[in-house]
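Here is what TrEMBL says about this protein:
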ACT_SITE  Cys195  active site, nucleophile
BINDING   Cys56, Ala57, Ala58, Pro59, Gly60, Ser61, Lys62, Glu89, Asp116, Asp142  S-adenosyl-L-methionine binding site
COMPBIAS  319-334  compositional bias 'Basic and acidic residues'
COMPBIAS  345-355  compositional bias 'Basic and acidic residues'
DOMAIN    1-310  domain 'SAM-dependent MTase RsmB/NOP-type'
Amino acid sequence: MFPGVQDSEWSGVFALPSPCPNLNPTGPYGSFRQVVSMLPPLFLGVEPHHTVLDLCAAPGSKTFQMLEVMHWPQSEGGTPPTGFILANELQWRRANMLAHQVGRLGSPCMVVVNCDAQFFPEMSSASSDRREIFRFDRVLCDVPCSGDGTLRKTPYIWRSWTPRDGLCLHIRQLNILYRGLELLKVGGRLVYSTCSLNPIEDEAVVAAALKRHGAAVKLVPPPESMCSVQAGDGLATWVVPNPEKTGEFFEDFESAPNEVKSGKTKLLSTMYPPTGDFKEQWEQVRRYCRRLLPHLMDTGGFFIATFEKRADLAPSAKARREEKRAQLKAKEETTETAEAEAEEEKEKEPEKPKEKVVFRRLTKEYLPVDSVLPEWPEVLDFYGLDVSLSHRFVMRAEGDKSIFLVSEAAAELLRQEVKLPTRMVMCGVAAFQRTGSHHERACPWQLAPSAQEGAAQLCALKLRRQLACSRSFLRQLLVERELTIAEVRSLAAQGDATGLEALSEADGGAFSPGSIALTLSSKDEGERPPFALVANASESSLELLLRQQEAGSLMEDLAGQPTVQEILATNQQEGLNEDDEADSGDREADDV
């Protein structure tokens, strides 16, 4: 199975242990989802260094899963991930819901934008003599669909379902897949998936992409870890319904009347099984497309196809038309008549200068912190962070109350340029927040108490103001919420805290006031993912900056959470006990 995935049974659910369990309501297991919903990210094979694009991300469960997988090596003691996941959503309300969902994990690798996936902008950066196009290692196209594969959990769909439901979505799905392949790196992998079993939304879209791009893209088999998934092969034939008449179907595009080839819901040639020399591609569609049928594993219905990009794609039809138009214009200008006319036009009016394409930053919402915050060097000095990390911190253009930390690749993403800026909903994790009042010797920018995971990520960057504590120390602080400096020094003398020397004043006496990150010491950490709590130190006390509900959740986390197997065993035992009680009650009733 996939690293970090705990499975009960294929017919049940998967649970991914959370790499950032501090404030996660599910405890150490970050999320529980149906098997079929989790498969597309597993087919994608995300790694910590990958640049990932999720074109249709809302509501965010698959994005959240990929983010957990990206952080998994760090939770086992490895280095933080250097890649990022760029999640896109068309609707503004759903984009904000997506940002809230993935924001619970508190990852510097997360970026959320709001634009149409069919027209996702091409990003590039200026080099010495040309522009470098930015491409992604992995692309997930979990496209909008009719959802007929979810009929088991949403039976009310039966009331309105018709065989024509997939017709109006086909062209949109096709455009999203085309755009995803264009944005993919050569050698990269793209997963196309739907929760529909309609071949017009599934095999027809996949076959159209293969026919258009030829040898530049290829379907590949699922990863070896997914071999135990029971699924049907891709379809080779299907019929297309008449959008105007119920019960009438067409086997090929030529047999359809002209009246159904125009209008709002028109039939397209890409909706039918391709004809001509398509034998090799059909073999790929049949062997490598996976149809997750409900009766095979007691799940919902799903369709998954995995593409690999082998070469750069040929120019699009629009680009080809523009090139042909330019060639025809150049050919006409070679004739004497065209030259004479051109000379006359030049004498009549001066030649207009060509409009220069203007490139702008990817987003206007986030700006590099060192370009907008004059006191940024003092913040770095107070927390002991290297100045070379400055490019990984950003601020919102509107409002200056938070500083956000992003991963190395996400910082590179923010330096990309586009013709039209996109609307960015969120970027990274909050690392610092400006306080309304602070000690005169403390930094006005404190560690963000609203995002405890931000402190954990800063600790991985060798934050100087951190205190490694034992479990007993953290439990006492979570209960009492505040300890005197004398108590802290006493616990440190007993070996329950290390790192006090970095928090003391220059004379080695009083505590240096300001924010402190409290981490679980490595000897007590064991197999749990690392985490950090934010506290505020004054000259006399150490106060935990945490809400009471969050403190209670962390107390349970420190005590240790049960595994999935233990939970299932407990539920099974409770079920047996209930059955025994019911049998006992029946016997007593019979005796009476």
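For all residues, glycine too, the Cβ spot is worked out from N, Cα and C.
The Cβ neighbour count for Gly60 (S-adenosyl-L-methionine binding site), using a 10 Å radius over every protein chain in view, is 23. Across the annotated binding residues for S-adenosyl-L-methionine (Cys56, Ala57, Ala58, Pro59, Gly60, Ser61, Lys62, Glu89, Asp116, Asp142), the two most widely spaced Cα atoms sit 20 Å apart. When each of the recorded positions Cys56, Ala58, Cys195 is scored by how many other Cβ atoms sit within 10 Å of its Cβ, Cys56 comes out lowest.
Here the Cα atom of Asp116 (S-adenosyl-L-methionine binding site) is found 20 Å from that of Cys195 (active site, nucleophile). For the binding-site residues listed here (Lys62, Asp116), the lowest count of other CB atoms within 10 A around the CB belongs to Asp116. Taken as a whole, the domain 'SAM-dependent MTase RsmB/NOP-type' (1-310) shows an average pLDDT of 86 in this prediction. Cα spacing between Lys62 (S-adenosyl-L-methionine binding site) and the residue listed as 'active site, nucleophile': 13 Å, rounded to the nearest whole number.
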